[in-house]
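Peer 1: What TrEMBL records for this protein is below:
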BINDING   93-100, 106-107, ARG143, 197-200, LYS208, 224-225, 268-269  substrate binding site
ACT_SITE  HIS94  active site, tele-phosphohistidine intermediate
ACT_SITE  GLU197  active site, proton donor/acceptor
SITE      HIS267  site 'Transition state stabilizer'
Amino acid sequence: MATGVYNQAIGAFQSNSHINNFNHQHKFNYIGRLVVTKDFFSSYGLSKRDLRVSKCIEYQTSVVDSVSSASRSRTSDRDTHKKSNEAALILVRHGESLWNEKNLFTGCVDVPLSKKGIDEAIEAGKRISSIPVDLIFTSALIRAQMTAMLAMTQHRHMKVPIIMHNESEQAREWSQVFCKDTKEHSIPVIAAWQLNERMYGELQGLNKQETAQRYGKEQVHEWRRSYNIPPPNGESLEMCAERAVAYFRDQIEPQLLSGKNVMVSAHGNSLRSIIMYLDKLTSQEVINLELSTGIPMLYIFKEGRFIRRGSPIGPTEAGVYAYTRRCVYKSC
Ligand SMILES: O=C(O)[C@@H](CO)OP(=O)(O)O
């Protein structure tokens, strides 16, 4: 296996001013630390010369696309000729919701993004704007759907995300698109309840800080972060994982296997359970896994394995860490 190893993690997951400067100076955006095979390069029609962009890396990554308009017009060709058995998986927790802002337990309550959440979703879109996306999965909740849609407004391919309505024969029939070219410039979006936030039971709508004062920090921490202890009448992470990971394996993995690049826009706990599966975390390790709102995380799927990429390395980048295994729990 011819493999280029990129040792320096800088780039698309750093601050946006950095990204903008970087894009201005170079033809390509890029995604931090990557292991990319030769096949993966050629599958997007990128040459080694095209990919020489930074003193910090040898080559560019093939999941990253050229920003030039000429290259943009070649995108569909490139996609058509894609033969690689590698695919990109982008996971993004929705931007801040109006209830995150108020510090309320949200769970399956369908709350929209706050102003800050909208900005976060747009910033998330900038970070992934050079990664071709073939298919989007979101939860059934509006905050995840808004995040996916807003993120895609920033994408270089300018494809239009279209929600697939599979709830009835009529819904399928009535939402058909009859132009091949228009279809090619669209990205199907599949909304699935299985990717919803874990159901928080009787905590939904309560203030997190007041709940910690009432029941004690430790009890609330147990409800929020233990693996198999559910909040009153709610789902534990284990229960959430049963549906979210099953959905991921049955519906999302086959798409990656077929070479499609997939974005999943979902929630703190549904994504924690999926990451637990992808990174083979133990039920102890997942306790310390925290996800930031609106920070995309990139995985490369190759030969049945998920290779995690994308979180920047270095103390100065703490503000944009997508997630950290070791975090200090804060009762907020
Ligand atoms: O309220 C919720 O639904 C979740 C995510 O915001 O909270 P927690 O941080 O407890 O997982």
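Heads up, the Cβ atoms here are built off N, Cα and C, so glycines get one too.
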Peer 1: By CA distance, which of the recorded positions (TRP99, GLU197, ARG198) lies nearest to HIS267 (site 'Transition state stabilizer')?
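Peer 2: Answer for the nearest of the recorded positions: GLU197.
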Peer 1: Across all chains shown, how many C-beta atoms besides its own are within 10 angstroms of the C-beta of GLU197 (active site, proton donor/acceptor)?
Peer 2: 29
Peer 1: Please list, in sequence order, the residues in the chain of GLU96 (substrate binding site) that are at least six apart in sequence and whose C-beta is under 8 Å away from its C-beta.
Peer 2: LEU113, SER114, LYS116, GLY117, GLU120, THR293, GLY294
Peer 1: I'd like to know which of the binding-site residues listed (TRP99, GLY107, LYS208, GLY268) lie near ligand 1, counting only a CB under 6 Å away.
Peer 2: GLY107, GLY268
Peer 1: Which entry in the list of recorded positions, ARG93, HIS94, ARG198, LYS208, has its Cβ near the fewest other Cβ atoms, using 10 Å as the limit?
Peer 2: LYS208
Peer 1: Quick check for the class: what is the C-alpha distance, in angstrom and rounded, between GLY268 (substrate binding site) and the residue listed as 'active site, proton donor/acceptor'?
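Peer 2: Cα to Cα, GLY268 (substrate binding site) and the residue listed as 'active site, proton donor/acceptor' are separated by 7 Å.
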Peer 1: Looking at Cβ-Cβ distances, which residues of the chain lie under 8 angstroms from GLY107 (substrate binding site) while being 6 or more apart from it?
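Peer 2: Listed in sequence order: GLU197, ARG198, MET199, TYR200, GLY201, LEU203, GLN204, GLY234.
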Peer 1: Give me the count of other Cβ atoms within 10 A of the Cβ belonging to HIS267 (site 'Transition state stabilizer').
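Peer 2: Excluding its own Cβ, the number within 10 Å is 27.
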